[in-house]
């Protein structure tokens, strides 16, 4: 699932005023690799499906807050 | 016609009194890529799209209204007990001046909703590609909102909504394929 995260290093100029970020990330969700959903894909249990927001593990895209829980 | 079920599509719990988030959440309420824009866009485009994909637009539009209700619940919970001073500290002073504690279709910067956010070109591909873009923009907005709060309960509901955008985008991509393939057409080889 972690493979949905892409990472790149942005350009660093010699005179940048602020400390540089080491890398930037973006998400490529699984819908980018499916043009037409095939029938009979494995399914989550109903409880899991409600929690995850989709019936199919093949469409699930996890996302974690960059803020996390419990204060900064 | 619709049948209303008096419950939310997914539970909305707000675990932290963070009025600031109410303001940011309004980006998904009355913003350009918010749930209202999405629901109205699809509900209107559905009249002039090939028959086979009308249902996709209708169903997704309906679900977007259910999402709108969830966002409204989050904003309402965060602001209902806030004092004027607290609202002002959270940057919602101008909102209070115009709306008291009422919700309104503003984006996070307080700009009121406009139909100019949405489009209906009447061309099935143009419209469906706009819809796919709208879903991906909404997904990104949810990511930034998840990043902005440390309330795990709020994050939970927002993660559900984000996943729905991903599923919707796929459904619109499938609609594009149906339009391209046009399986009605007889082919003679």
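Keep in mind that glycine also has a Cβ here, set from the backbone N, Cα and C atoms.
Note that TrEMBL annotation is computational and uncurated.
The Mn(2+) site in TrEMBL is built from B:64, B:67, B:135, B:168 plus one of B:27, B:35, B:89, namely B:35.
Here residue B:67 (Mn(2+) binding site) comes close to B:9, B:35, B:38, B:161, B:164: these same-chain residues lie at least six apart in sequence, with C-beta atoms under 8 angstroms from its C-beta. Listed in sequence order, B:60, B:63, B:135 are the same-chain residues six or more apart from residue B:168 (Mn(2+) binding site) with CB atoms under 8 A from its CB. Other residues of the chain with a Cβ within 8 Å of the Cβ centroid of B:35, B:64, B:67, B:135, B:168, the Mn(2+) site, are B:38, B:39, B:60, B:63, B:138, B:161, B:164, B:165.
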